[in-house]
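Asker: Once you've had a glance at the structure underneath, I'll fire off some questions.
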Amino acid sequence: MLKLYLTLILVVGALTASSLTDSLNVRLVGGTGSCSGRVEVYYRGQWGTVCDDDWDMRDAAVVCRQMGCGGALRAHSSAHFGKGTGLTLMDNVGCSGNESSIRECRHNGFGKHDCNHGEDAGVTCSDDIRLMNGGGFCDGRVEIYHNGEWGTVCGDNWDMKDAEVVCRKMGCGRALSITHSAHFGEGNGPVLLDDVGCAGHESSLTSCSHRGLGITNCGHSEDAGVICSDVLQSPILTLISPNSTVWSQETLQFRCTAPHSASIFLDFSLCKDGKLVKSQKAQSSTTFTVTVDTSHQGQYSCNYSNFIIPSSRSNSINITVADLNVRLINGTGSCSGRVEVYYRGRWGTVCDDDFGINDAAVVCRQMGCGGALSVHSSADFGKGTGSILLDNVRCSGSESSITECRHNGFGRHDCNHGEDAGVTCSDNIRLINGSGDCDGRVEIYHDGQWGTVCGDNWDMKDAEVVCRQVGCGRALNSTHSARFGEGNGPVLLDDVGCPGRESNLRSCSHGGFGKNNCSHSEDAGVICSDDVLQSPILILISSDSTVLPGETVQFRCAIRNPSIDADFHLFKDGVSIKTQTAKSYSTFTLTVDTSDQGQYSCDYSYRKNNSIISSSRSKSISITVGKWTGGFIVRISYQSRISYQMKAEGWSCKHSQCLCRRDLAFFPLLSDRRCVERVCGRLT
């Protein structure tokens with residue numbers, strides 16, 4: 001019997017321990033009291049932390065409810081309560097907010113993460129008190145939690161000493177003001193406290209004198225409230241528009257969001273370089289729409305107020321307004337695409353006749369996109385619509401605007417939209433001195449020169465923005481202290497602070513371009529997850545893709561983000577025919593015969609840790625080699641564009657003029673349209 005009794009005790013004990021472990025699988029560490037701190041979960045005999053990726057108020061609400069701590073006040077990131085030890089057990093937690101346990105929420109799987117303890121998540125819960133219907137955490141109607149429900153406090157005898165206790169309990173600094181008569185709206189549920197009398201030093205409102213919980217002679221029209229000194233936390237400013245580099249007459253949209261939802265209207269303000277641009281009233285968040293011109297270039301931020309106290313400023317976003325008369329369409333990002341210019345109230349395309357790397361360099365510089373990587377012809381970024389505004393553009397490369405270059409005159413052309421020109425620029429960011437496209441020292445392009453980024457406060461969220469911007473997947477590491485070597489030129493950014501969702505490093509908060517207290521020994525870098533090299537760009541330098549035997553064809557294979565010495569490979573119909581080593585790009589020259597007709601592409605590779613890493617293939621270019629079947633082949637071209645190509649029996653290369661034979665008629669080209677090239681060949 002004793003043995004059976006002991007067995008039952010052990011079984012019941014084991015079941016109780018198991019049940020306890022299941023219910024108490026979360027704790028808060030490093031906070032003040034039991035209702036704030038770093039979130040840790042229990043799994044298979046050990047405690048571990050939660051990564052702050054995707055961590056938000058819905059996740060915090062589940063933890064606070066699970067801890068019996070009322071509502072969630074704040075969701076903390078970046079190890080706000082200190083770095084944990086041991087394992088990171090959860091990442092990318094996604095709660096709906098209704099779960100009874102954090103383990104019921106979606107996540108990557110226990111122990112599956114890409115985080116370090118600098119990203120440990122935390123929460124601050126409301127304990128047994130909360131402020132409702134204010135503009136943030138630290139103002140609103142006072143409510144307390146008792147016997148399973150929330151209730152209000154009557155405003156009878158409500159004074160600043162009572163408010164001091166509430167503000168201190170909430171972690172919101174000193175009391176600025178008290179409110180009566182349901183200033184923040186009438187509550188629901190019972191009125192739980194009346195005739196509260198605090199000395200001001202109590203740790204909890206329920207420790208003050210009062211009539212007794214639930215004993216009142218008040219209605220909700222008398223609900224009490226407070227306004228504390230930390231009333232309004234800074235909002236978050238996000239750029240809804242896809243690019244931070246825009247052109248005149250385009251529309252920009254920003255969203256300014258208060259950190260917590262409010263049921264009263266707030267006064268939101270959008271500022272540029274510290275000066276008010278727009279203000280509008282909304283609940284919780286508002287969208288500002290701005291139609292830009294050059295005066296709108298600058299640093300944007302926002303704040304809000306509850307009509308009594310303003311919040312501090314949000315993060316800043318830098319907006320660049322490109323020169324008014326050029327834009328790039330249908331590319332990837334703001335630094336590649338079909339070239340379009342603005343003239344007399346309309347946008348139009350540029351013909352690819354004579355459009356070369358010098359012309360592309362002017363466009364890229366005008367767009368604030370660094371150097372030109374490649375020139376595109378034959379509507380590579382799709383056919384435009386409307387007018388063709390420029391043809392035979394000839395830039396020296398030093399112009400500040402494409403419209404300063406020589407051209408035929410606006411609207412004068414002999415092209416169609418199948419000849420629309422495009423460019424690919426190096427964007428305004430690059431990674432230097434790494435082992436490939438996706439690691440290296442971070443450099444940005446500003447005011448005509450490349451410069452580095454200081455490593456002060458440089459972290460994984462900043463690295464995430466860089467890796468996403470250069471198309472290299474997720475950030476694996478952020479580096480400091482010139483790990484990839486010291487740069488040249490200025491240090492352009494310092495104290496960069498990205499929430500991690502920006503599309504461009506310039507959109508993150510920073511000290512201002514060129515404002516820093518750093519040297520190149522502190523240059524920042526990144527290592528991104530994408531070891532697969534981006535495909536290069538293959539362009540045809542020669543004037544035409546239809547050639548004759550014995551003629552020369554030239555291709556350029558260019559890396560999108562030049563940073564390494566690489567082996568470039570030229571392929572015809574999928575078979576490698578040439579390899580040469582170069583940095584940034586390589587030019588392949590072929591003297592063709594009929595066997596060289598086919599589809600050409602390129603890739604590049606480099607050696608890393610005794611292995612070869614290769615890029616994917618470029619887009620292909622089709623080359624047609626004309627076949628001579630008799631007589632003479634005559635090619636007449638004008639300004640690098642083929643005008644006529646024909647087989648002409650009885651043709652003499654002694655003709656003093658370039659002639660075209662079509663339908664047995666001869667038409668001499670006018671003297672002002674000089675023949676740039678004539679090729680005569682005899683059948684061999």
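Using N, Cα and C of the backbone, Cβ positions are placed for all residues, glycine too.
What TrEMBL records for this protein is below:
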- 1-21: signal peptide (SIGNAL)
- 26-126: domain 'SRCR' (DOMAIN)
- Cys51-Cys115: disulfide bond (DISULFID)
- Cys64-Cys125: disulfide bond (DISULFID)
- Cys95-Cys105: disulfide bond (DISULFID)
- 129-229: domain 'SRCR' (DOMAIN)
- Cys154-Cys218: disulfide bond (DISULFID)
- Cys167-Cys228: disulfide bond (DISULFID)
- Cys198-Cys208: disulfide bond (DISULFID)
- 235-320: domain 'Ig-like' (DOMAIN)
- 326-426: domain 'SRCR' (DOMAIN)
- Cys351-Cys415: disulfide bond (DISULFID)
- Cys364-Cys425: disulfide bond (DISULFID)
- Cys395-Cys405: disulfide bond (DISULFID)
- 429-529: domain 'SRCR' (DOMAIN)
- Cys454-Cys518: disulfide bond (DISULFID)
- Cys467-Cys528: disulfide bond (DISULFID)
- Cys498-Cys508: disulfide bond (DISULFID)
- 536-622: domain 'Ig-like' (DOMAIN)
Asker: What are the sequence-distant neighbours of Cys415 (disulfide bond), meaning same chain, six or more residues apart, C-beta distance under 8 angstroms?
Answerer: Cys351, Asp352, Asp353, Ile388, Asp391
Asker: Tally the residues of the domain 'SRCR' (129-229) by DSSP class, grouping H, G and I as helix, E and B as strand, and everything else as coil.
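Answerer: Tallying H, G and I as helix, E and B as strand, the rest coil: 17 helix, 33 strand, 51 coil.
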Asker: Between Cys518 (disulfide bond) and Cys508 (disulfide bond), find the distance joining the two CA atoms and give it rounded to the nearest Å.
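Answerer: With the alpha carbons as reference points, the distance is 19 Å.
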Asker: Counting only other Cβ atoms and using a 10 Å cut-off, which of the disulfide-bonded residues Cys51, Cys125, Cys167, Cys208, Cys498 scores lowest?
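Answerer: Per-residue Cβ counts within 10 Å for the disulfide-bonded residues Cys51, Cys125, Cys167, Cys208, Cys498 bottom out at Cys208.
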Asker: Using DSSP, how many residues of the domain 'SRCR' (326-426) fall into helix, strand and coil, respectively?
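Answerer: With helix first, then strand, then coil, the domain 'SRCR' (326-426) has 16 helix, 34 strand, 51 coil.
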Asker: Over the span of the domain 'Ig-like' (235-320), count residues by DSSP class, listing helix, strand and coil in order.
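Answerer: DSSP classes over the domain 'Ig-like' (235-320) add up to 3 helix, 48 strand, 35 coil.
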Asker: Find, for the listed disulfide-bonded residues Cys64, Cys154, Cys198, Cys425, the residue with the lowest Cβ contact count at a 10 Å cut-off, counting only other Cβ atoms.
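Answerer: Each of the disulfide-bonded residues Cys64, Cys154, Cys198, Cys425 was scored by Cβ atoms within 10 Å; lowest is Cys198.
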Asker: I'd like to confirm something. Which of the disulfide-bonded residues, Cys95, Cys154, Cys425, Cys528, has a Cα closest to the Cα of Cys115 (disulfide bond)?
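Answerer: So, spelling it out, the nearest of the disulfide-bonded residues is Cys528.
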Asker: Between Cys208 (disulfide bond) and Cys154 (disulfide bond), what C-alpha distance do you get in Å?
Answerer: 14
Asker: For Cys228 (disulfide bond), write down the residues of its own chain that are at least 6 apart in sequence and whose Cβ falls under 8 Å from its Cβ; none is a fine answer.
Answerer: Cys138, Asp139, Ala163, Val166, Cys167, Met170, Cys172, Gly173, Arg174, Ala175, Leu176
Asker: Relative to the Cα of Cys454 (disulfide bond), which of the disulfide-bonded residues Cys95, Cys198, Cys364, Cys405 has the closest Cα?
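Answerer: Result: the closest of the disulfide-bonded residues to Cys454 (disulfide bond) is Cys364.
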Asker: Would you pick out, from the disulfide-bonded residues Cys95, Cys115, Cys364, Cys395, the residue whose Cβ has the largest number of other Cβ atoms within 10 Å?
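Answerer: Its Cβ has the most other Cβ atoms within 10 Å: Cys364.
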Asker: By DSSP, what is the split of the domain 'Ig-like' (536-622) into helix, strand and coil residues?
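Answerer: Final tally across the stretch: 3 helix, 54 strand, 30 coil.
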Asker: Cys405 (disulfide bond): which of the disulfide-bonded residues Cys64, Cys154, Cys425, Cys508, Cys528 is the nearest Cα neighbour?
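Answerer: So, of the listed disulfide-bonded residues, the one sitting closest to Cys405 (disulfide bond) is Cys425.
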Asker: Can you break down the domain 'SRCR' (26-126) into helix, strand and coil residue counts using DSSP?
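Answerer: Split into helix, strand and coil, the domain 'SRCR' (26-126) gives 16 helix, 34 strand, 51 coil.
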Asker: Whole-number Å distance between the CA of Cys154 (disulfide bond) and the CA of Cys198 (disulfide bond)?
Answerer: 14
Asker: Give the distance between the Cα atoms of Cys467 (disulfide bond) and Cys95 (disulfide bond), rounded to the nearest whole Å.
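Answerer: So the Cα of Cys95 (disulfide bond) lies 27 Å away from that of Cys467 (disulfide bond).
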